[in-house]
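Undergrad: I have a structure here, written as structure tokens, and I will follow up with some questions on it.
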């Protein structure tokens, strides 16, 4: 590099800069004066114009008007024209308004009010110079006015109370929390500089915390914080501005510091040594309570203790369970102690916490042992089997009474075999073993057969009971016999595919038919070889699995999938729900049809349980002809259908693998169906019962029931008597037709009147009435006389010993009559429907073949009805006198009283020509006399009503009084008295001079007879003598009458 040239260039540059800064731009102009001929040179110098005067600062909170003008602006344009000055901005034309004003001519700016720096730290005034036309002569100028700060705001903490926490035993100078405070005065100024100071500490034993003067950080002063001494500290902190000066402003806050617990206390047991005692061979769940003391925070992991064994519990006889709520340990005995083996134990216990110890005391912890002395008390012990289970081996060469070994109980106190016990077999499958009660020698009862081998699955497991009668104690030992290597031969196949064992017992197949072998698998596969004579070699060899999936199986699978593809096509061709007459279709099922199949799956009524109980296939006891018994009387069933469980009452052990059922609660052998002799099924016996019914017995039973019903139906006579039907809906109000009015005559049910007596029973069943049995044609029926015995007057009769029938309300009852003639048949006239419905009606029906009708029948009934008097269907022989004018009807002043006379048939003798009935104006008593039949001779009787029956609502009907010859009877009917005027109605003898009269207190006559020209009056009445005498009292429900 050429340093001389570089230095020369730098010097020249510096010289030009200095020259430019310190020199003025001047222009000299020559002025020639023509008067005196002289020349003057004027020097013109360019100067920067003075446009503003810098504004003075304003102090907040003071009157700054003494400093006016705080600024002055001026434009050079004012030299040659008029200039107007204007200002704008915050404090002028923006809030706060009117703080600054300007003199438009001189440009002086004045302040007019007190300012607040915290509200407006500074003002920006926009100045403009305008000409007379309002145009800017200069570019607008910004004038800044600064507001000086004063210390008028104290420090403010962000929270009134600060909360912090720190662990005990923390190191010195550990940060606890940081306080935050602010000052609204000017930042980075002494007025806003805050200094912090701790002015108070609670508890005030010794200062534990320090605070940073400038940052507000609170730290620990030392490492002596101890939660067990003080769990919380409270500090009062002051913050002062002006760096804590005396002239500064200050504020205070609270600081709460929680001391957290650490595991710095070693737990220890309340008692250093303890002594206890316990009897041998006993267990105790609360042998000793051990309390642990720990000074750490309760219910925390630092406080919860764990007690452990240091020594003395090598046999695991004891356990310790801790209570976390009380920190108390419970010493338990979980394994019996033996006095003969040890009579004293020394336990050494240690304790620690669940949580690890704090590092501050880790080096100080030393394990301290607590001694527990346990004394074992001696007791008189019984005998026990040692060992608890014993195994023997039995082969096919061992025969009956073969001694396979002995299993004796051991006397623990004497340490020798017990001599005071007796032995019995407990659980003994297939009754295989026997034991000597004194010597405990175990022998075989019989030679082990192949059936027993299969039942046991190759392994026998039973129990032996050792009973000490003196001490009343029993112990149990288990016997296990391995039969796998006993040398039993396998089965060989027969010609028909079944297998025959070496002992000649045939079983259907190659399975064990319901009995598991060892692990519970019920199927055993045999490999059967043949010798030169075609007989199996008897080698027991499981077959190897050589089954594989060949082409034929694949073809069958493909064919199955193809058949499934035809299902949619078949469904399309199926005529499901077709139109009527178009082939098979869905049959409509009526609603509310219960059908004849009942819940017990037998058509018709439920059969007698005692009869059907014999139809099930009985289970036969187990004998040697089919299966050897394998359960003794100590076995108890514990399940139903399909479980494989059996319990032993003596030893409390349970053995699985037996297929037992709860069908008959049998103990001593499995259930065997007679249809499967000699076999035992693998599954539950429920399939055997449900699938193996004795069909011959069931067929015979149902045939006998069908024949009995047929014979009973044929033995009943034809029912050809006059039937009375109540037309349903009679007396309905006129407006009750409703929406069914358009049906018209389609619902005419008059054809039911000609159906005959065959449909009476169907009608009774439909109405829910009790169907009366038809009389048998056998003259011996009924077996005894049922002639009614009428009670004396003033009492209420009972019907046939049956309890009284409670009245029902809100229903309509149809009264049907049945009379069985002994002579020629009766012509059936067309019945006339009653214009009135029956309500609150009591009907007394009587049948007799000879003798005189008992005159005294008294009925007390409190039912109510309308004011109706009905004399209805009085029937006598055809030779009666003219009935015209017989009855007279009074003037019905009360419209509610209705008198109806209907179907009166005259007998051979004349009836009285008049029927006098007084005016029943205030009476509501209704008396109906109905169908009194007398073929030849007269009936002398009367129907009287007590005169006290006025204003009552009792309806009494005397119905179907049938007489063969010379019946004289009366029926006296009494109702509850109601008060008012009333009377009685007396019924005289009808037919031979009988008549009907009444004295109810008035006089009125009926001079005409309704329906005298009915066609059935001329019909000849045959003998209507029934075959028996019956009496019935029926109470009917309430029906409204048409008045």
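Residue numbers in this text run from 1 along the chain shown.
Glycine is no exception: its Cβ is also placed from the backbone N, Cα and C atoms.
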Undergrad: In Swiss-Prot, which of these is labelled N-linked glycosylation site: 36, 496?
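TA: So the answer, going by Swiss-Prot, is 496.
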Undergrad: Identify the region 'Disordered' range according to Swiss-Prot, selecting from 694-731, 732-769, 770-807, 808-845.
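TA: Of 694-731, 732-769, 770-807, 808-845, Swiss-Prot gives region 'Disordered' for 770-807.
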Undergrad: Which range is it, out of 531-551, 552-572, 573-593, that shows up in Swiss-Prot as transmembrane segment?
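TA: It is 552-572 that Swiss-Prot annotates as transmembrane segment.
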Undergrad: Which candidate in 110, 942 appears in Swiss-Prot with the annotation N-linked glycosylation site?
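TA: That would be 110, per the N-linked glycosylation site annotation in Swiss-Prot.
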Undergrad: Averaging the per-residue pLDDT over the repeat 'Desmoglein repeat 1' (819-845), what integer do you get?
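TA: For the repeat 'Desmoglein repeat 1' (819-845), the model's average pLDDT rounds to 45.
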Undergrad: Please work out the helix, strand and coil residue numbers for the domain 'Cadherin 4' (386-498) from the DSSP assignment.
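TA: Going through the domain 'Cadherin 4' (386-498) residue by residue, I get 10 helix, 47 strand, 56 coil.
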Undergrad: Quick one: pull the CA-CA distance for residue 110 (N-linked glycosylation site) versus residue 180 (N-linked glycosylation site), whole Å only.
TA: 41
Undergrad: Report the same-chain neighbours of residue 180 (N-linked glycosylation site): residues 6+ apart in sequence with Cβ closer than 8 Å to its Cβ, ordered by sequence.
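TA: Within the chain, residue 180 (N-linked glycosylation site) has Cβ neighbours under 8 Å at 157, 158, 159, 216.
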Undergrad: Would you count the other C-beta atoms found within 10 angstroms of the C-beta of residue 110 (N-linked glycosylation site) for me?
TA: 16
Undergrad: Using DSSP, what's the helix, strand and coil tally for the domain 'Cadherin 2' (159-270)?
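TA: When I sort the residues of the domain 'Cadherin 2' (159-270) into the three classes, I find 6 helix, 50 strand, 56 coil.
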Undergrad: Where DSSP helix means H, G or I and strand means E or B, what are the helix, strand and coil counts for the domain 'Cadherin 1' (50-158)?
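TA: Taking the domain 'Cadherin 1' (50-158) as a whole: 7 helix, 42 strand, 60 coil.
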